[in-house]
């Protein structure tokens with residue numbers, strides 16, 4: 001019986017070196033393979049011309065360079081591009097490329113589905129299927145980078161607005177954010193293996209400042225990441241107190257805000273920048289009041305951070321609404337007046353459901369949570385009187401979503 005082929009995308013630099021050594025080849029062959037695969041985007045062993053013919057013959061019988069099959073390739077009017085990728089057994093994940101004037105950002109997935117089940121995120125609606133392998137994670141970058149290098153539209157844009165690395169390496173993707181489907185820190189080993197490849201000069205050579213892991217707050221893994229591979233960290237916060245965050249981000253019930261913020265402060269000395277990012281999805285009448293803005297200031301004022309306010313991207317089953325632009329600006333104004341650094345994220349790719357919180361996979365619904373009668377639920381939000389303490393704000397309406 002023929003042994004299954006080894007997918008070389010599954011190997012980081014150390015694993016590649018060990019594999020090559022196991023074939024009784026010299027160490028420099030591992031570097032050659034890394035460069036052919038990750039820097040040049042070559043998947044056919046026969047095209048790796050500076051490898052010895054005997055080595056190529058050995059590899060042809062044992063290995064492959066296999067990225068995920070593409071189910072759908074969608075283009076948004078703003079230049080954003082989304083790929084639906086097949087990970088087998090009826091599962092799919094999504095990757096999104098976001099072109100900007102000074103960078104090209106790829107948003108990648110770490111899991112098929114997500115178990116965290118944040119109330120405002122469509123990915124959580126489908127439940128959790130499995131972790132992606134390191135090859136499936138890095139394969140999203142491999143596929144997108146080398147496809148875009150040969151895409152006339154992408155080349156025209158990048159020649160007009162060069163991204164970091166373009167002139168010297170021909171690299172289209174300058175930034176990677178792990179903000180796609182899944183909770184990266186619940187797939188820790190595979191994510192870290194993929195991160196190391198992104199940073200490795202023999203592969204993609206990205207700066208730690210340009211690679212971001214977004215987490216909803218897996219406290220023990222934040223501490224491990226600080227030691228193992230400290231890239232930029234973004235924390236999905238979305239609420240200024242435990243009572244509300246318990247409802248919006250159920251993981252908060254296991255790792256409440258005080259534990260999460262303590263972990264963030266421990267991470268800061270290892271971070272590639274001198275600040276962390278906190279993401280805050282703006283939900284109409286839920287977490288966007290002046291009182292909650294002031295509470296957020298009190299919560300974060302002693303942490304070096306940037307607060308990224310994200311307009312909610314609606315999907316039918318959520319029962320939630322996006323805060324108005326006026327409310328977002330007023331909320332941001334309170335943060336800025338208090339001396340906080342705050343930005344409002346520009347929504348991209350709405351027309352192809354590629355915006356933040358919209359990635360759900362165009363696949364068979366495998367939701368493992370109770371059926372929710374969301375469509376008919378009327379959200380009743382009690383008026384918050386001026387003498388009500390922030391941590392006493394009513395959250396009964398959220399129980400209709402569970």
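Along the chain as shown, residues are numbered 1 onward.
From the backbone N, Cα and C atoms, a Cβ is placed for every residue, glycine too.
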Same-site residue for S-adenosyl-L-methionine (record: Swiss-Prot; known: 182, 183, 236, 237, 238, 313; options: 214, 289, 324): 214
Roughly how many Å lie between the Cα atoms of residue 183 (S-adenosyl-L-methionine binding site) and residue 107 (disulfide bond), rounded to a whole value? 13
Looking only at Cβ atoms, how many others are within 10 Å of the one on residue 107 (disulfide bond)? 27
Rounded to a whole number of Å, the separation of the Cα atoms of residue 313 (S-adenosyl-L-methionine binding site) and residue 107 (disulfide bond) comes to 16
Using a 10 Å radius around its CB, how many other CB atoms surround residue 237 (S-adenosyl-L-methionine binding site)? 28
Neighbour count, 10 Å Cβ-Cβ cut-off, for residue 238 (S-adenosyl-L-methionine binding site): what number do you get? 25
Can you tell me how spread out the S-adenosyl-L-methionine site is, meaning the largest CA to CA distance among 182, 183, 214, 236, 237, 238, 313, in Å? 19
